[in-house]
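Features reported for this protein in TrEMBL:
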- Gly11, Ala12, Gly13, Lys14, Gly15, Thr16, Arg128, Gly174: ATP binding site (BINDING)
- Thr32, Arg37, Arg58, Leu59, Val60, Gly86, Phe87, Pro88, Arg89, Gln93, Arg134, Arg146: AMP binding site (BINDING)
- 31-60: region 'NMP' (REGION)
Amino acid sequence: MLNIVLFGPPGAGKGTQSEKIIEKYHLTHLSTGDLFRKHLGEGTDLGKLARKYMDEGRLVPDEVVIGMVEDKINSTADTNGFIFDGFPRTVAQAEALDAMMTKNNLRISGMIALDVAEEILKERIRERGKTSGRADDQDEAKIATRIKVYLDETLPVAAYYEKQGKFTKINGVGSIEGIFDNISKVMDGYSS
Ligand code: AMP
């Protein structure tokens, strides 16, 4: 089983590359942003709670995110593995994920980080905002908050995996296919 953490700031291309990874490696996509947006659309209590954080570009509290991820892992049977997209976003979430993996006799194969300069990120998010319908993609202050939250709270997660010898950084600027080729090379080096 391959269990991958796809890492990077908002706008790095995690969603786009996840789709290609799933197609090739038949993994289960676990995007916490997508799960929250689904709850939001369905008007669940979880969605209502998450909305106030998402609307401001802040992180939803760890215990809420961790509970939702645990539910998704426990309700997924017969998978080749997971691709975690947008999770973990704090060191506490990374620790909780390791604990969940251990409990299920699984392990994280590695973290692949997409590296993109801040100005390019902002440009990409603004472009995405024209069609995504996401309020958090359409407001300069919200975009800036999300990048700041990434730098302050999420970046330490990279060091967490680096310490475990599980971190690889890839250039996230270039053609979608070229970036995917580099991701594939890293993934093919993981032992399942
Ligand atoms: P994303 O689609 O990954 O950019 O996530 C959109 C929003 O959902 C984020 O700005 C956060 O408010 C929330 N969110 C998604 N994943 C997480 C997470 N792992 N921890 C906390 N909040 C999250």
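Using the three backbone atoms N, Cα and C, a Cβ is placed for every residue, glycine included.
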Binding-site residues: Gly11, Gly13, Gly15, Gly174 - member with fewest neighbouring CB atoms within 10 Å: Gly174
Reported mean pLDDT - the region 'NMP' (31-60): 95
Lowest local Cβ density (other Cβ within 10 Å) among binding-site residues: Ala12, Val60: Val60
Binding-site residues near ligand 1 among Gly15, Thr32, Gly174 (Cβ under 6 Å): Thr32
Cα distance (Å, whole number) from Phe87 (AMP binding site) to Gly13 (ATP binding site): 14
Cβ-Cβ distance under 8 Å to Lys14 (ATP binding site), same chain, at least six residues away: Leu6, Phe7, Gly8, Ser31, Asp85, Gly86, Leu114
